[in-house]
């Protein structure tokens, strides 16, 4: 079974990577899909984020990385995926993600959403927090993959 793990991943964090790795143990193929979010001003281009994620997932043989503009369910149909993979950190994530899961089913009844609870060590972690810490010169090496930490440090230097 194919699962899509969609997100803006700006930047990808160790929490995201944990969901990807665990999803890879559950599904035949996990396609990490970098989406363009018109409501966010990105740190890195979509192409750069795809490159970053490919580098930090190269050890996972059943993970692909792609990008897409449009509705996630349309991309899932295109890739013959029946599952959207989502990570949950806190209760507010669940409320938002459950609403989105129900909305997606109204768009295509062939899609299911599988939620994975984030590992406790990443329950506080978000891309926004990483950017905030890096912007003020704090260490982010324990929050993002090494290649991404280097890119972010370069960006803010």
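Note that Cβ sites are derived from N, Cα and C of the backbone, with glycine treated the same way.
Note that the structure is a prediction, hence the values are computed from the model and not measured.
The ATP binding site annotation in Swiss-Prot covers 8, 9, 16, 87, 88, 89, 97, 122, 123, 124, 125, 126, 127, 128. Residues or ranges marked as substrate binding site by Swiss-Prot on the basis of sequence analysis: 8, 40, 72, 86. Feature annotation from Swiss-Prot assigns site 'Transition state stabilizer' to 16; the stated evidence is sequence analysis.
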Quick check on the binding-site residues 40, 127: which one has the highest count of other Cβ atoms within 10 Å of its Cβ?
127
Round to the nearest Å and give the CA-to-CA distance linking residue 123 (ATP binding site) with residue 40 (substrate binding site).
22
Would you mind sorting out which of 40, 72, 86 (the binding-site residues) have a C-alpha within 10 A of the one on residue 8 (ATP binding site)?
40
Three-state secondary structure, which DSSP defines for residue 97 (ATP binding site):
helix
Cα-Cα distance linking residue 86 (substrate binding site) and residue 125 (ATP binding site), given in Å to the nearest integer:
15
Residue 72 (substrate binding site) to residue 16 (ATP binding site): how many Å between their Cα atoms?
18
Round to the nearest Å and give the CA-to-CA distance linking residue 127 (ATP binding site) with residue 40 (substrate binding site).
12
Between residue 88 (ATP binding site) and residue 40 (substrate binding site), find the distance joining the two CA atoms and give it rounded to the nearest Å.
20
